[in-house]
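Enquirer: Just passing along the structure, written as structure tokens.
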Amino acid sequence: MSITSDTTGTIIYLSLVYVLGHVIKSLGALPILGGHMVHTVLSLVGLSLIALGTGGIKPCVAAFGGDQFEEKHAEERTRYFSVFYLSINAGSLISTFVTPMLRGDVKCFGEDCYALAFGVPGLLMVIALVVFAMGSRIYRKPPPEGNIVTQVVKCIWFAISNRFKNRSGDIPKRQHWLDWAAEKYPKQLIMDVKALTRVLFLYIPLPMFWALLDQQGSRWTLQATRMNGNLGFFVLQPDQMQVLNPFLVLIFIPLFDLVIYRLVSKCGINFSSLRKMAVGMILACLAFAVAAAVEIKINEMAPPQPGPQEIFLQVLNLADDEVKVTVLGDENNSLLAESIKSFQKTPDYSKLHLKTKSQDFRFNLEFRNFSVYTKHSMEERNWYSLIIREDGKSVSSMMVKDANNKTTNGMTAVRFVNTLHKKVNISLGADISLDVGEDYGVSAYRTVQRGEYSVVHCRTEDKDFSLNLGLLDFGAAYLFVITNRTNQGLQAWKMEDIPANKMSIAWQLPQYALVTAAEVMFSVTGLEFSYSQAPSSMKSVLQAAWLLTVAFGNIIVLIVAQFSGLVQWAEFILFSCLLLVVCLIFSIMGYYYVPLKPEDIQEPADKQIPRIQGNMINLETKKTRF
């Protein structure tokens, strides 16, 4: 916002702060520059400068662009705000693809090049800043207004305090509460603040919309981690679904501007800015209703979870012959009886009920002519695998706890049982390796990216070999038993502890399409509305207030997530209903809102508010609807 220089200078100065933040952030990403504490400090300073620069640039750039159009070119100005918003999303789309390539495909000091990923955007910002400055002489530049935010705050404070001091019934009332600032502040400033407060009052319900829109990068991405990204012709990672929003914005902005709005206009419908914003809110409500329906369907497809005093148990037979397994209760009654062939497992997990939160179970293992009794302790709400192995001429068993939930990031979880007599080192990727102990050692779960793992390099102290793990799918948890059977050689027996995600990620497309359409109708329109309804001295102030509603929307998400205690689909429904209520309130407020016209901003010079003489005044002002 303009302070002592014009808007062009403000943009340039704060852009330099923004570039400096990128430079410091890049330095903080260099591994050779200091230790962990130095990197942390540099990163925090860099991010703070980037935030400072962004906070100052954003409202000024939007208002500055609008200043280049005269009132007779209002239609072209509306198109400018659409192109402005389209450019923002084009940059977002490009950075989503290019930045990971700069980080991962280029190596700096033997590691991912984060310094380059931060430095290149800073360099591009310098180039953009030079191009912007080169056109400085041809821009329309409204004269600087001084520190307008301070003037607004002081004017409002003086009006409130002056009204409080003159609350006596002997003093005539004034038609607007801001008229009580007339004793100290110029009439034009008071008129401008009146126009500002009218729009700010209309902004009160708006944060709720942003509370929904900004969940694309959080709640919806978490939802995508529980879905299958294999589209047949292409495989999408869960966080890549966020690319869909800026991509659809690039399509929807020209579609709405050139087709939909024109068709609505030809039908004789007055589709005002406030009506567009209200329709945008309704579309966002529908998007979250669809997201809730998708979430319910995902839950239906997910494996059941053990409840209180319940466990799920599967049995794996690694012996060379069939084993009959019987689970015995406290009174030696049979709770489960299964005959399992060699290198097979029970078809499904079996549910067992506990009498307390933790309970010991006795197992009877019948192998050939031997009968072995063993005891294992199990705790409620867990999944277990009973692994049976040969022990000389008889058998023994061990109990391992399985993963009880799908991975939270859409990746695949794997673990290994090593039946060899030597420790095995397994390499699952450039940075992922694990050691599995000899003689039925069991590794912990490790998460890997979804994909085909047909050649996984392994080694023992005297031998290198490879294993074919096959396809590791989204959200699944696998157990691999490394064996060396005489007739088959070294191989990995693959078992699925938790099935892969079944619901296609393509089912998120409708909710993304709806929320992007809502964003185009609400956000693009709101930018232009904020500019057109602001007095010339308040353009940047109102743009900043518009951006501030976004911050309040994020705070709403934090509050609801912290205190709602609802399951995810119910939380989606809650947000949808809250926005529907807010949309109704906003529509009522918009119905009574009188749009500001250019000729309303300036008041005739002969209408003055006289100063107080003694305790009485003769007040004559133009009535302004709040």
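Quick reminder: no glycine exception, Cβ is built from N, Cα and C everywhere.
Below are the features I grabbed from TrEMBL:
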- 12-34: transmembrane segment (TRANSMEM)
- 40-61: transmembrane segment (TRANSMEM)
- 82-102: transmembrane segment (TRANSMEM)
- 114-134: transmembrane segment (TRANSMEM)
- 195-213: transmembrane segment (TRANSMEM)
- 243-264: transmembrane segment (TRANSMEM)
- 276-294: transmembrane segment (TRANSMEM)
- 544-566: transmembrane segment (TRANSMEM)
- 572-594: transmembrane segment (TRANSMEM)
Enquirer: Quick check for me: are there 3+ Cβ pairs below 8 Å between the transmembrane segment (572-594) and the transmembrane segment (195-213), leaving out pairs under 6 residues apart?
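Expert: Per Cβ check, the transmembrane segment (572-594) touches the transmembrane segment (195-213).
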Enquirer: Please indicate, using numbers and ranges, the residues of the same chain that are 6 or more beyond the transmembrane segment (40-61) and have a C-beta under 8 Å from a C-beta there.
Expert: 1-2, 7, 10-11, 14-29, 33-34, 84, 118, 540-541, 543-544, 546-547
Enquirer: Any residues 6+ beyond the ends of the transmembrane segment (243-264) with a Cβ under 8 Å from its own?
Expert: 79, 82-83, 85-86, 89-90, 92-93, 96-97, 216, 271, 508-509, 512-513, 515-517, 519-521, 524
Enquirer: Mind checking which residues of the chain, 6+ beyond the ends of the transmembrane segment (544-566), have their Cβ under 8 Å from one of its Cβ atoms?
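Expert: Tertiary neighbours of the transmembrane segment (544-566) are 1, 55, 58-59, 199-200, 203, 206-215, 218, 526-527, 530, 574-575.
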Enquirer: Take the transmembrane segment (195-213) and find every residue of the same chain, 6 or more past its ends, with a Cβ under 8 Å from one of its Cβ atoms.
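Expert: Tertiary neighbours of the transmembrane segment (195-213) are 152, 156, 178, 274, 280-281, 284-285, 287-288, 515, 518-519, 522-523, 526, 530, 533-535, 538, 541-542, 545-546, 549-550, 552-557, 560, 575-576, 578-579, 582-583, 585-586, 589-590, 593, 596, 600-601, 624-626.
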